[in-house]
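Chemist: Take this structure first; my questions come after.
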C-alpha cells in the first residue's frame, strides 16, 4: 500500500526575534522531513595517538584543573589549555580604541581552553549518565568563574564541535571555551534584539515563548524545543524555565537536570538523523551586562545536514528546508530505549 504523501506547504519567511534576523523556510527543497538523515560523518581519524585519552596527559597543553581535583589516573574530566589557541593568554591586553574611523587592530589577547569530557576515547557526551553530563557542564561553569577574575575579559563562549565537518579536529569527545576582551557583534545583536522586545512588551523574549507544537520535551528546570524561526533543520534549543542571564549561575541540581535533558536531545538527534555532525553552543551574557531583565541564556544544538550557500553568505538569511513544527513532531516521537 502506498504511503500517503505529506501535504505540500508553501514557503514562509519567519522572523527570529531573538537574533533579529529572517529565515526562509522552503520545504520544496527537501524530501519528507522524516527522511532527513546526515550523510556519512567520519570522525577525524586520530584514535591511535590521542593525547586526550587517560595515560597521555603529558602530551597535552598545560592542565588548568581536573575532576575530581585530587584524582591521578582516575580523573573524569580535565580542563586544559588549547595547544593551538585562537587567542593568546601570553599577550599584554590592549584596550580596543573607542570611536575610530577606518581599520582597527589590537593584539589577539584572550583564553582558549579545552574541556575533555571523558578519559575514554570511544565515549560520547550522550553516552554519559545525566549526572556525568551535569559534571561536564559544571566544569565549564567553574572555568567561566575563574575567567571572570580577569578584568579585561568581557565575554566567554562555550561550544562543542562534533564531527569533522562541524569543525572537530579530535574525535575524542571534548568542548571548548574561548574568552575574549570584546563582545562579538552577533552577541551584541542578540542582546539588543532581546532588549528591544523587553522594552516593547515588558517581558523577556525567551520567558515569553509558548512552545506548543514546537516543544520536544521538558524537565523540572528546562524545556527543549525547535525554535519558531530555526536557522538549521532540526535545530534544538534548551531554555531554563526560570529567568537567568548567565550560564555560570547554574547550580548542581539544575546542572544534573539539564544533563538529563541534554543527553536525551543528543540521543534523539543521533537516532533520527544518523549521528549528524553538530555544533553545541551556550549563549550566555557578557560579564558586565546591563540587559539583565531582558537577557536569558540558552543552549543551541545545530545539526549540519546541508551546506551554506552563496545566498546565506550574501544576505545572512538562511534557508531551512524543514518547518520547525515538523521537526519538533519527529523529534518528540523518537523513542529512546533504556
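Each residue, glycine too, has its Cβ placed from N, Cα and C.
No curator has checked TrEMBL annotations; they are predicted automatically.
Marked as active site, tele-UMP-histidine intermediate by TrEMBL: 174. Residues annotated as Zn(2+) binding site in TrEMBL: 50, 53, 121, 172. Taken from TrEMBL, the feature domain 'Galactose-1-phosphate uridyl transferase N-terminal' covers 10-184. If you look up TrEMBL, you'll see 25-50 marked as region 'Disordered'.
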Chemist: Tell me, how many other CB atoms lie within 10 A of the CB of residue 174 (active site, tele-UMP-histidine intermediate), whichever protein chain they belong to?
Modeler: 23
Chemist: Near residue 50 (Zn(2+) binding site), which residues of its chain come within a Cβ-Cβ distance under 8 Å, counting only those 6 or more away in sequence?
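Modeler: Residue 50 (Zn(2+) binding site) has long-range Cβ partners 56, 121, 170, 171, 172.
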Chemist: What number of additional C-beta atoms lies within 10 angstroms of the C-beta atom of residue 121 (Zn(2+) binding site)?
Modeler: 17
Chemist: C-alpha of residue 53 (Zn(2+) binding site) to C-alpha of the residue listed as 'active site, tele-UMP-histidine intermediate': distance in Å?
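Modeler: Pair distance, Cα basis, whole Å: 11 Å.
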Chemist: Comparing the binding-site residues 53, 172, which residue's C-beta has the most other C-beta atoms within 10 angstroms in this structure?
Modeler: 172
Chemist: Which whole number is the mean pLDDT over the domain 'Galactose-1-phosphate uridyl transferase N-terminal' (10-184)?
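Modeler: Its mean pLDDT is 89.
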